[in-house]
Amino acid sequence: MDHPEDESHSEKQDDEEALARLEEIKKSIEAKLTLRQNNLNPERPDSAYLRTLDSSIKRNTAVIKKLKQINEEQREGLMDDLRGVNLSKFVSEAVTAICEAKLKSSDIQAAVQICSLLHQRYKEFSASLTQGLLKVFFPGKSAEDLEADKNSKAMKKRSTLKLLLELYYVGVIEDSNIFINIIKDLTSVEQLKDRDTTQTNLTLLTSFARQGRIFLGLPISGQDEDFFKGLDVTADQKKSFKKAFNTYYDALADLLQSEHKLLLQMEKENAKLVNAKGELSEDSASSYEKLRKSYDHLYRNISSLAEALDMQPPVMPEDGTTRLTAGDEASPSGTVKDTSVPEPIWDDEDTKTFYECLPDLRAFVPAVLLGEAEPKSNEQSAKAKEKLSESSSEVVENQQTTEDTTEVSADSASMDDRSNAEQPKEKEEVEKEKAKDTKKEKGKEKDSEKKMEHEKEKGKSLDVANFERLLQRLPGCVSRDLIDQLTVEYCYLNSKTNRKKLVKALFNVPRTSLELLAYYSRMVATLASCMKDIPSMLVQMLEDEFNSLVHKKDQMNIETKIRNIRFIGELCKFKIVPAGLVFSCLKACLDEFTHHNIDVACNLLETCGRFLYRSPETTLRMTNMLDILMRLKNVKNLDPRQSTLVENAYYLCKPPERSARISKVRPPLHQYVRKLLFSDLDKDSIANVLKQLRKLPWSECEQYILKCFMKVHKGKYGQIHLIASLTSGLSRHHDEFVVAVVDEVLEEIRVGLELNEYGAQQKRLAHMRFLGELYNYEHVDSSVIFETLYLTLLYGHDTSEQEVLDPPEDFFRVRMVIILLETCGHYFDRGSSKKRLDQFLIHFQRYILSKGHLPLDIEFDLQDLFANLRPNMTRYSTIDEVNAAILQLEEREHASSGDKVSIERHSDTKPSNKSSSDVISSNGKSTAKDIRENGEAHGEESDSDSGSGSVVRDGQNEELDDGNHERGSESGDGDDYDDGDGPGSDDDKFRVRQKVVTVDLEEQADFDQELKALLQESMEQRKLELRGRPALNMTIPMSVFEGSGKDHHHFGRVVGENGEEVLDEENGEQREVQVKVLVKRGNKQQTRQMLIPSDCALVQSTKQKEAAELEEKQDIKRLVLEYNERDEEEANGLGTQILNWTSGGSRGSTRTGEGSGKSGGSRHRFYYHQGGGGSYHARRK
């Protein structure tokens, strides 16, 4: 439990830190106000003052070049340079340089300071700068602009917009109408047609909305409100800005809706293709992934803009195809199998309805169109034929009678003609009219018969086309409603020929479309009630195919065999295939239980084995078959795959008896911890959760809290950083807990690599993300991250288990690396960590290329990763290119390490020691004793005029060597180099490592001779040089330095050639300064001492110059030491990795200790953000 005193102390400390931050914010606002006031009312120097400054072209050109590389580190130096030059004639060049500068977000304030300085000095600078910056948003359509990199142009626009806003806030730019033109161009609806331009404009508008809330009339909270009150933004301008943003946001919402509809349509089409063909083509999958990625990116950007505008993000209607839903967890309470109660045949009501509730065709189709109505129609046609024959015989009789009557009438007529000669003409006319009428009737009958035949032919062709279309729709019927509708439609096209075609189409189902077998079987079962020949023909064809496949005994056509046996099983569940046929097929497979027969038997049992086992009439026989199956499995020496198949089929038919599932009972304290971490934790409640965790009895709950922290995969993926923040918060009070968390995370990552289980992939990704967040909160070092990255790539390789641990087709390790680098890789942008990340990314590319073809999602993630971390890095396309790059990298490292080794060897040899001692003695009167005395001072100023700088450096190095080898400074001049195991042991060490290299003796001798000559020449030259002397503008005779210290005791403080103040020893008052004047008499040069007043301009300028040089040296020395300490912290893991060096072990340990001591504050310094609910820990800055 925490003591109240500790809590009060921590709360007091938090309050003090909050007050300090508020004070810093207040000072920053006051500085901005002062700068704004100076820019609005600039006091520009006159032309006379500007003429006194440096106006040379060379100096101005150098300063303008520096303006192209503005950053925070060079700000002060650049401003000093600008104050010392006259840029009146180079204002346009300075503006161009500033506009071309590649500014980062951290460099914006430095650019504002520099622009303010130029604005306060040159009147025309502000207008020229405004025009130059606006050209970034409204460029001319030249070829270079069109071919420029879109990514770099977007980044340039973003930084320029931020710079314009900041310049407006500080008064360099006073016209706010320029932002109206920019916003109108960005919110143009015409640009929505281009996807890339829309994404770029969205990011720019979001940045403007966040930084320029005053333009949109949005509320401003905090102390910034006083600063923004002074800005002159009219109500009309705010209205114009707000209208442009709202109009553009509405257009974006419509665009997002259309994108969503298009995505849904494509998903539905893909679903149809998958159902019809079983897979998607590469083009379809690629286009879908591209559209999906574009939609997600657009949605994220629109949500960010809505958040910046204080609006609700658009809500898309959810659809089953666009969201992933997790199934409900299994019921915690199970039931024990009771053999006394008969088990249901079907597992659920839907399955029972599918197999038992078939549609009644007589209720949807007229009986005439069904097969059972054919006999009646045949009888009717027979009767009609009889009637037609009877009527035809009657017509023949009538014709005969008419002929007889005509003959009789003709005879009588001839007699009448003879008797009555007056009437022949009238009878002839009547007979002609009758003949014409009969001819007309016969012609009409022929025409009607032709029309009937033509209509019948048209009807037949139309029926054939409709039936072909129906068969084409058959593979797409993947639901109960679709297959039932198709069955009804077929009844309208029923005929004997069509029934044969239908059976053939059902039999030739694609062997890879096994999901269609159940629906085809339902269609057959539905038609079997009216068309008895369809099921009989299909069953006969399936049985013949099974017999032919079994009797061939070849190991071919496994897919055809599985399709055949599963079709038989599905028809068995519809009771179309008798159970005896199924048992005979199963017995045929069990009689020869090898190879494909095992797969066929298992597929048959998986299809209808459970149905037969639970049916009362077949349960006994099925039980016997299952027992035979298990006995054969135990007797046969089956491979693991076949053994698993048999067990799955057996337990699917006859599940084992299991006890009831017992739900886990947790103590209330554990339930409360889980509620805090998995239910209550979010960004608003993190402070309260941290407070509640600290209130818990830590001795009882520590292990369980650690266990829950390790279950980050059971929570939301987006809340992993909150768990890391809680870890950071708890570290202030429980240091050992953080160590345990880091150890557990690293152990879990390694265990995941060792097991490589598919079911643990979500857990492994969550742990990689957690490790990255722990680095962000400064709980692990970069060395841990890089060790984990290399472990992920290399673990298990070059071993016998490589195919199991990291198969060639498995890309999960690539995803793990992507997750870790996406989480914390953006912090590796400087120092040694940047170099190490560059090296790792090259090795990472080799690992990727060794895998083969990448899936689309992995490729897209890799593109995003390299774009975010190293956009300019080369992506290699072949393994040879990346191997060449790695070889070149290793050669560079080997060359650099070889240079270091040679430098250490030559610096530790005796000739170099001798030459250094000669140089010291030649420069002045310093000896080895003086070196030791000065070396112990660690940088104190020497009273000697000669060689002070070199003596101090050598003394520092000597002290480090003394500390490393545990020796004092009592030894003589050469003891520091000859005693101990210093350089000699290093040299021996390198020789041992190089024994494997075979060197030609003649070449080695030539090399040693040339090296010796080179060193001798270098030493001869160094003897004549003056070391540690201040550089003068003239050559000074050696006689000057020989007697430079004669009168040291007469004055309190004496200076050589530069001159220093001379103090009287008695009263210590400042008198005069002693200098030496070089004169020439004849051919001889002599020096004479001269006293000049201390307030003279020469003395004052000399003193200022020396003081500035000394301060610069101290700053450079401090910066170099700090950089070395930070570099060693990153490389050595904060002092936890002790390097066992033989010659410099103590030095490494000493510096590591210092680095860790200094970095301890930075590593365990946590930042707090004040919120409504308290404070929580933020990530590294």
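Glycine residues also receive a Cβ, built from the backbone N, Cα and C atoms like all the rest.
Checking the ranges 142-163, 340-361, 1000-1021 against Swiss-Prot, the coiled coil annotation falls on 1000-1021. Counted with DSSP, the region 'Interaction with UPF1' (999-1023) comes out as 23 helix, 0 strand, 2 coil.
The region 'Interaction with UPF1' (1066-1111): residue composition by secondary structure is 15 helix, 22 strand, 9 coil, according to DSSP.
Averaged across the coiled coil (260-309), pLDDT in this predicted model comes to 81. Secondary structure of the region 'Binds to UPF3' (735-755), assigned with DSSP and counted as helix (H, G, I), strand (E, B) and coil, comes to 21 helix, 0 strand, 0 coil.
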